[in-house]
């Protein structure tokens, strides 16, 4: 089996070009095969507590790992998600989705197997390397691999198409969390926690799922359009020209959208991780730990649903307008959160957070189509990969804003119920910055458009690779 | 290769592909929904 870029092997682009009669509706499930698997990352925390008892079993022994040490596994993985999507974006785009999805499957399953080995010899560095580095690379490659393919299959509804795939990333945790708990229950005993075996089973299951996705996926022939497709009316914010991946970095549009995504993600990620503690502290006696866990589950559902709903909506109201809605609504809702706390309105608080978290998910799923509108379809996957560094940055800003400001307020005798108010107003302020940046997004200057000679060179290279 | 699936992709293939990803997803959503209901208890 030829895995190289040249030749006519199973991985080559020519082997993935759809034959007449292929239904484009086979492509979203192919993308979901990958995204549902790598979405497990959101549920990795279910392993944290069991992994603090690998030696002590019933309770942590002195040589057992600490939660703070285990927290780095997820952080390293998210860091490598951003790095790998930026570094491998062009390779993913040019090599085609099948090769990228299969590579992601190997890295993802390999990461779990290496981590299982790390658990068996009780070496945390091996897990950092396995799940953190290798798994993180799988996250980056797997996340961007189906994006441009879906956009090319659904030129009439790019938001909906990418929204479906990225919804899978949000939904992956729903499957992984109960499945992992069930597996650990099956493999665990009075003398054994069962994490190692669970990792091995997950590696096998995820590998099969992701390989099925890579088998199903197809790219459309050049210049293919769906039946009855009518190109959108002349719109300055929907480009008909392509921009080369590294030229996109030279445009103000890329960095403006980077800031918009970073703001939206910072605001969402900050509350997503702290929703349980925040809700209990803002409504002491009203929201119990069990109810708070329910709120987190409900937020996860809105996170997933928002990915599909907002991205689909953007096909009708436009990408820039969708982000205007996020920024304005986000500003209003974050200003309202402290008021709901003061008024003791649990329903108001929950409603605010559910809408905020739906927009957090919607921000992720709408951005590939926004990039398509700005930079064309040719390198949208690679440009999307570069943009995901905004996610990595937000992963630091969000929790820092929420945790440290709360800590500062509590240390300065602010009642716990009001300790989050400053953060909420800061988040609202961030949305103002995001609004301004989104407002400044205009059509990309023609000097950045790919010239005919480059496009021809590109096409020749693609033909040679096929 | 249009939206129709009369020549290449069969309806069975579509059902299998969507079921392959849809069934686990629906199961996961259901489990999460059960957990989320605790908010209202």
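Cβ atoms are placed via backbone N, Cα and C, with glycine included.
For reference, TrEMBL has these:
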- A:1-446: domain 'Major facilitator superfamily (MFS) profile' (DOMAIN)
- A:25-50: transmembrane segment (TRANSMEM)
- A:70-88: transmembrane segment (TRANSMEM)
- A:100-119: transmembrane segment (TRANSMEM)
- A:125-144: transmembrane segment (TRANSMEM)
- A:165-184: transmembrane segment (TRANSMEM)
- A:196-217: transmembrane segment (TRANSMEM)
- A:254-275: transmembrane segment (TRANSMEM)
- A:287-310: transmembrane segment (TRANSMEM)
- A:322-340: transmembrane segment (TRANSMEM)
- A:346-367: transmembrane segment (TRANSMEM)
- A:379-402: transmembrane segment (TRANSMEM)
- A:422-441: transmembrane segment (TRANSMEM)
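Of the recorded ranges A:125-144, A:196-217, A:254-275, A:287-310, A:322-340, the transmembrane segment (A:379-402) has the largest number of C-beta contacts under 8 angstroms with A:254-275. Highest Cβ pair count under 8 Å relative to the transmembrane segment (A:254-275), across stretches A:100-119, A:287-310, A:346-367: A:346-367. Long-range contacts of the transmembrane segment (A:287-310) within the same chain, counting only residues at least 6 positions beyond its ends with a Cβ under 8 Å from a Cβ of the stretch, are 42, 160, 163-164, 166-167, 169-171, 173-174, 268, 272, 275-277, 279-280, 322, 326, 346, 350, 353-355, 357-366.
Beyond the transmembrane segment (A:70-88), the same-chain residues lying 6 or more positions past its ends with a Cβ under 8 Å from any Cβ of the stretch are 41, 44-45, 47-48, 51-52, 100, 124, 127-128, 131-133, 135-137, 139-141, 143-144, 384-386, 388-389, 391-392, 395.
At the 8 Å Cβ cutoff, the transmembrane segment (A:196-217) and the transmembrane segment (A:422-441) share fewer than 3 close pairs (sequence separation 6 or more) and do not count as touching. Sequence-distant neighbours of the transmembrane segment (A:125-144) (same chain, 6+ residues past either end, Cβ-Cβ under 8 Å): 34-35, 37-38, 41, 44, 72-73, 75-89, 92, 100-101, 103-108, 110-119, 169, 210, 381-382, 384-385, 388. Within the chain carrying the transmembrane segment (A:422-441), a Cβ under 8 angstroms from the stretch's Cβ atoms is held by residues 237, 252-253, 256-257, 259-260, 263-264, 266-267, 270, 320, 323-324, 326-328, 330-331, 334-335, 337-338, 374, 401-402, 405-406, 409, all 6 or more beyond its ends. For the transmembrane segment (A:165-184), the neighbouring stretch richest in Cβ pairs under 8 Å, chosen from A:25-50, A:322-340, A:346-367, is A:25-50.
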